[in-house]
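Asker: There's a structure below that I have some questions on.
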Amino acid sequence: MVPTPYLFSGWLQTIYLAMQARKRDQLSNVRYDRHILDLNDGGLVPLDWYPIRPIRKSSRTEDEKLSTIPDSKTPIIVIIPAGMSTSGEYYIRCLVKALYDKGGFRAVVLNHRGCCSTPLTTPRLLSGDYTGDLKETIAHIQSIAPGAPIGAIGFSVGANILTKYLGEQGENSNLAAAVTIGCLFDTTKSFNKMDEPSFFNDKAFQPHLTAAIRKYANQHREMILTGDAEFDFDAINKAKRLKQLDTLLTSKAAGYDTCEEYYRAASSAPLVHSIATPYLAINSNDDPAVPVDAIPYEAIKSNPWTALVTVDHGGHLAFFTGIFPKIWYINPALEFLGAFL
């Protein structure tokens with residue numbers, strides 16, 4: 001990959017991606033078909049389908065019967081966004097459109113609990129150690145589209161959840177193939193990296209992430225307070241660093257005493273050796289959120305099911321190439337998934 005010449009560092013790549021968040025162009029112009037999935041513990045997750053969710057023929061309206069609906073055997077790709085990201089992000093929309101237009105895949109974005117104007121109905125928050133929502137989503141897809149091959153793509157925290165899920169399930173993942181972009185792998189090292197002081201981190205990355213988490217927490221404050229843990233919302237609203245919020249909010253909501261315990265439990269690196277699904281990880285050596293030593297090179301190399309691609313310049317989830325920046329990893333991801341689905 002040759003990076004965009006004027007996006008020559010990981011921080012510049014990452015900041016440029018953030019600036020494109022709501023951009024709409026021909027590469028990203030999609031309209032989702034939303035379905036709210038009821039989870040076994042009473043939680044809700046918004047599933048955003050493109051171009052349309054699978055509908056049993058007997059349940060279709062006359063208009064739906066006449067419309068262009070992918071065949072029930074069309075492969076389905078589950079997309080797990082980064083933390084605090086949703087199906088509305090530019091990088092997600094670009095991927096979703098390419099999956100259908102170039103690969104012929106139906107896509108479904110597994111948005112996190114409490115996102116996309118969906119109420120939080122249990123005290124469980126997005127947590128890097130919990131793979132249950134992904135597991136239930138895959139089972140749901142199997143029930144409404146039996147026989148359709150299923151793949152998955154995860155980003156950042158979503159990539160870590162996907163990797164952890166694959167390691168936990170081994171041969172029983174019910175996925176034909178998986179791709180991760182910017183996986184954290186060792187969450188202790190990755191979150192320590194994110195906490196390092198620097199101009200871009202202090203002025204852009206940390207303020208952006210912490211503001212989103214504080215907004216999410218306050219939006220769902222009433223439900224969060226029904227959980228077993230005690231939360232200090234005054235401290236939460238004063239927190240300026242991601243690690244502070246992981247200490248005050250995320251780790252407590254997940255049932256851990258400290259964020260260090262939470263990070264150890266959330267790390268997917270120890271489970272890479274157990275993956276038994278075709279798996280491709282794409283990471284950047286200048287990722288400001290994932291240090292090179294967080295990537296389990298030897299575990300990936302020694303597992304015949306897993307492969308790793310690293311590039312020198314791509315930032316966190318950005319990977320822009322060309323004078324007029326386009327996201328590079330979409331084509332390799334499509335090629336890999338297409339080989340197995």
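The chain as shown is numbered from 1 upward.
Each residue, glycine too, has its Cβ placed from N, Cα and C.
TrEMBL feature annotations, pasted as is:
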type: ACT_SITE; residues: S156; note: active site, charge relay system
type: ACT_SITE; residues: D287; note: active site, charge relay system
type: ACT_SITE; residues: H316; note: active site, charge relay system
type: DOMAIN; residues: 77-322; note: domain 'AB hydrolase-1'
Asker: Looking only at the domain 'AB hydrolase-1' (77-322), report the model's average pLDDT.
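Answerer: The answer is 96, the mean pLDDT of the model over that range.
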Asker: Counting across all protein chains present, how many other Cβ atoms fall within 10 Å of the Cβ of H316 (active site, charge relay system)?
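Answerer: That number is 28.
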Asker: Counting other Cβ atoms within 10 Å of each residue's Cβ, which of the active-site residues S156, D287 comes out lowest?
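Answerer: Among the active-site residues S156, D287, the lowest count of other Cβ atoms within 10 Å belongs to S156.
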Asker: Between H316 (active site, charge relay system) and S156 (active site, charge relay system), how many Å separate their Cα atoms?
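Answerer: Their Cα atoms are separated by 8 Å.
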